[in-house]
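Asks: Copied straight from Swiss-Prot:
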type	residues	note
DISULFID	Cys186-Cys189	disulfide bond
DISULFID	Cys397-Cys404	disulfide bond
CARBOHYD	Asn169	N-linked glycosylation site
CARBOHYD	Asn208	N-linked glycosylation site
CARBOHYD	Asn214	N-linked glycosylation site
CARBOHYD	Asn234	N-linked glycosylation site
CARBOHYD	Asn242	N-linked glycosylation site
CARBOHYD	Asn281	N-linked glycosylation site
CARBOHYD	Asn409	N-linked glycosylation site
REGION	320-340	region 'Fusion peptide'
REGION	380-396	region 'Immunosuppression'
REGION	465-484	region 'Essential for the fusiogenic function'
REGION	496-538	region 'Disordered'
TOPO_DOM	465-538	topological domain 'Cytoplasmic'
TRANSMEM	444-464	transmembrane segment
Amino acid sequence: MALPYHIFLFTVLLPSFTLTAPPPCRCMTSSSPYQEFLWRMQRPGNIDAPSYRSFSKGTPTFTAHTHMPRNCYHSATLCMHANTHYWTGKIINPSCPGGLGVTVCWTYFTHTGMSDGGGVQDQAREKHVKEVISQLTRVHSASRPYKGLDLSKLHETLRTHTRLVSLFNTTLTGLHEVSAQNPTNCWICLPLNFRPYVSIPVPEQWNNFSTEINTTSVLVGPLVSNLEITHTSNLTCVKFSNTTDTTNSQCIRWVTPPTQIVCLPSGIFFVCGTSAYRCLNGSSESMCFLSFLVPPMTIYTEQDLYNYVVSKPRNKRVPILPFVIGAGVLGALGTGIGGITTSTQFYYKLSQELNGDMERVADSLVTLQDQLNSLAAVVLQNRRALDLLTAERGGTCLFLGEECCYYVNQSGIVTEKVKEIRDRIQRRAEELRNTGPWGLLSQWMPWILPFLGPLAAIILLLLFGPCIFNLLVNFVSSRIEAVKLQMEPKMQSKTKIYRRPLDRPASPRSDVNDIKGTPPEEILTAQPLLRPNSAGSS
């Protein structure tokens, strides 16, 4: 039996595509031994001065850096150590870690948040991301027959990982040790989004340092960046020969390690700036201190979690859309014709946008209907194929022992509705095109006209009222002045005094009548004329 062509080609070409494992990494160091921090307890509660344990000479120790900039090497090749891939290359820049001309190793990926400037670490990460995306696309786009809902993957996703359970248990144990209330009912929550680790400085009095550190691999470089640092006081700080900041008041203890690479026990890190290190190469310009790293967990009591999840009801009402539109129209009326024009243009623009949205909705309905029609066609083809395959047993329905289902195509109703929507859209577009912004103003005239009469009367009264009032005042004043001028001669004739002749007998009554109403000056001038008669009579 002859093999198919593609199977034969695969069997022939398979040996040529066999991948070979990368060579072992040759980044071992045995001439200069590494040092490790060890704390020994002088008595419970106090930490003695640190001592150092050196590896014996000849002990091979693998050293790799976590970050290597692109300008530090010409080329890099893959190597393997302890079933882990690393990059190896020769240093060409004296300022890079390792030294000029030294062959060093560094990790396959750099840590999150850093870039090597387009080097092999960035390229490896980009390649890995593309592979994951293509794999997900291939899995989700594969056309497989429907076999019901497969919830096994969902169950695997929802199943809690063992390391996560261990992390929660450790956090709860630490909470019971440090909390005075010893809470029994609480919630320990992890954020779904990425958040940086939290740095907690190692206290001055702590008696849980490990005395035995067995390691054959050293990672030089930052492990975590962008830390959240808490309680920056009473720190145990580390200074090197090139450390400049040695007057920090937050440090209560300074430790000077040797010039060789210094590593810390598991669970303790050097924090320099906002980055965490497991090992330092004996030089650091910034101040470093010893710290723990914990995940960004949040601990809630039952009441706190209830208050956080269940928000308090708000008394603020949501404004109703017609009320908002009415308020805009009244505001336009209050600000005059300019406000009305602005409001009208705004509503015209809003109407145009709504018309465009309606067109997009119609297009979406047509697209969905086309997809449904194509899906229905595929289903009908599959049904015919199944009927042909199971024709000897009576067709698909008899073969499955189920009721037969038939597809009733009602796409014509959707097509008619879409046609009606398109006709309405076209009529509305023509109305908007013919009327324009000022045409919409005519639609508002039945509501505006009742207000125009009183408004015009008030405006006319304010404009011409002062002039009319001034004219009335001037007219009344002129008439009063004319009346005064006419009455002035009569008043002068009434005040004139007539002299009585000498041969006329004196009458007391007449004298009184003559001088009655006369001014005092005229009476005084008239008195000498009356004295001779009075003397003669006496």
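Using N, Cα and C of the backbone, Cβ positions are placed for all residues, glycine too.
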Asks: List the helix, strand and coil residue totals of the region 'Immunosuppression' (380-396) as derived from DSSP.
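Replies: So the region 'Immunosuppression' (380-396) is made up of 14 helix, 0 strand, 3 coil.
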Asks: How long is the line from the C-alpha of Cys189 (disulfide bond) to the C-alpha of Asn234 (N-linked glycosylation site), rounded to the nearest angstrom?
Replies: 29
Asks: I'd like to know which of the recorded positions Asn169, Cys186, Cys397 sit within 10 A of Asn234 (N-linked glycosylation site) at the Cα level.
Replies: none
Asks: What is the number of other Cβ atoms found within 10 Å of the Cβ of Asn169 (N-linked glycosylation site)?
Replies: 11
Asks: Can you tell me how far the Cα of Cys397 (disulfide bond) sits from the Cα of Asn169 (N-linked glycosylation site), in Å?
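Replies: Cα to Cα, Cys397 (disulfide bond) and Asn169 (N-linked glycosylation site) are separated by 56 Å.
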Asks: Let me check the 10 A CB neighbour count of Cys397 (disulfide bond). How many other CB atoms are there?
Replies: 14
Asks: With DSSP as the reference, give the number of residues of the region 'Essential for the fusiogenic function' (465-484) in helix, strand and coil.
Replies: 20 helix, 0 strand, 0 coil
